[in-house]
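If you check TrEMBL, you get these features:
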type: ACT_SITE; residues: His72; note: active site, proton acceptor
type: BINDING; residues: Glu6, Asp7, Ile74, Asn128, Asp129, Asn206, Asp251, Asn252; note: Ca(2+) binding site
Amino acid sequence: VRPGSEDLAVVDSTLVLVSSGDLDKMTFMSKKAPREGHINVVQLNDGEDEVITERIMISGMPPQIRASFHPHGIAYSNKTGRVYAVSHDCGERVSESIEIFKLIRSPFLKLEHERSLRSKDFLLLTLNDLIEGVELGEIYVTKFLAQPADDKCRGNGNFWNEMEAYNDALFRRRSTVLRCTWDHKVRSSTEEVECTTVAEGFRSANGITADPERSRIFVTDSGDHALCVYDRQPDGSLMKRSTVELPHGLDNVEYDLSSGKLTLSATPILYEAIQRLNGDSSVNVSGGMLTVQLLEDDTYRVEEVLMHDGSKLSMMSSAVFFNGFALLGSPVSDGVLLCPVPEETLGYQILTPE
């Protein structure tokens, strides 16, 4: 699985989609041009208990978009069969987009490109993750940074104007969540969409997911080590319900349908991640998986499922359950890590949200 495996989207118990956008070279301190981006899959081999990985075929994508496709956050909708991907477009246009595909499974597995969404609110290298709303034609997307990258869009060597980014995360709280809508009945390969801010005040809004009814939205704030919980209103706006402070740094979050738990990637030693983001590829960034479960009394059970020292996969950014295992992804390492789920977790806490 290459280049990178920043985000994971579970389709079912036999198939997981992996975003591979070479974010290490594009958005951190590398001065090298990024490799070609792809969406990969992790799946069970038919009739066998064997896990295989491969690159998924993409059809119908305009050549100029495909040539500069570098997926970051990715989401699958089991309601509409659509796949959504945040893409950092570093081709001729140098822009930010959200690409929409239809997942085709027969006679063979492929993604059929349907639409490319662009907006004046999509600033270069600022978007992170996304989910489909209550229906096709609505998405929620995290705007991780307020400060866009420079127009070179190629391992710019200053961590997205490093000081501005750090100031945003530490003091200004300018990171937001956007709601974007469009008329999905109108056929268009590329479309400008209208977006509104529906949640704000984050240090760095990162992962986003929803419950099966899509009435409750969960957003990780990496800068605050916090899980923010929102109730979706009938008009699509979000009302803050609670904030759960978690013990580690966070990245992506997914809703596990089989257990009803949220699965999150965790980074316990943040200075390791900072060293790695600043270009020191010799640093192995430890990390692992947390789960969060809402209990009947409105408290949350937080479990530390597993931790890894980073020697096999450095800097975990996504964690999901897959066929009885834990599957972990990373923005800076090629490959994914498949780990047995321990019979006993490393520990748990019962937390009362703010």
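Glycine is treated like the rest: Cβ placed from N, Cα and C.
Heads up, TrEMBL stuff is auto-annotated, nobody curated it.
For Asn128 (Ca(2+) binding site), the Cβ neighbour count at a 10 Å cut-off comes to 25, with all displayed protein chains included. Across the structure, Asn128 (Ca(2+) binding site) and His72 (active site, proton acceptor) place their CA atoms 6 angstrom apart. Shown in sequence order, Asn206, Gly207, Thr220, Ser222, Leu264, Ser265, Thr267, Met316, Ser317, Ser318 are the residues of the chain, 6+ apart in sequence, with a C-beta less than 8 angstroms from the C-beta of Asp251 (Ca(2+) binding site).
Shown in sequence order, Ser19, Ser20, Gly21, Leu23, Pro71, His72, Gly73, Asn252, Ser317, Ser318, Gly329, Ser330, Pro331 are the residues of the chain, 6+ apart in sequence, with a C-beta less than 8 angstroms from the C-beta of Glu6 (Ca(2+) binding site). A 10 Å cutoff on Cβ-Cβ distances gives Asn252 (Ca(2+) binding site) a total of 29 other Cβ atoms nearby, all chains included. Residues Glu6, Asp7, Ile74, Asn128, Asp129, Asn206, Asp251, Asn252 make up the record's Ca(2+) site, and a Cβ search at 8 Å around their centroid adds Ser19, His72, Gly73, Gly207, Ser317, Ser318 from the same chain.
Sequence-distant neighbours of Asp129 (Ca(2+) binding site) (same chain, six or more apart, CB under 8 Å from its CB) are Asp7, His72, Gly73, Ala75, Val86, Val141, Thr142, Asn206, Gly207, Ile208, Asn252, listed in sequence order. Counting every protein chain shown, the number of other Cβ atoms lying within 10 Å of the Cβ of the residue listed as 'active site, proton acceptor' is 26.
Non-local contacts of Ile74 (Ca(2+) binding site) by the CB criterion (under 8 A, 6+ apart in sequence, same chain) comprise Asp7, Leu8, Ala9, Leu17, Val18, Ser19, Ile39, Val83, Tyr84, Ala85, Val86. Neighbours of Asn206 (Ca(2+) binding site), defined as other CB atoms within 10 A of its CB across all chains, total 25.
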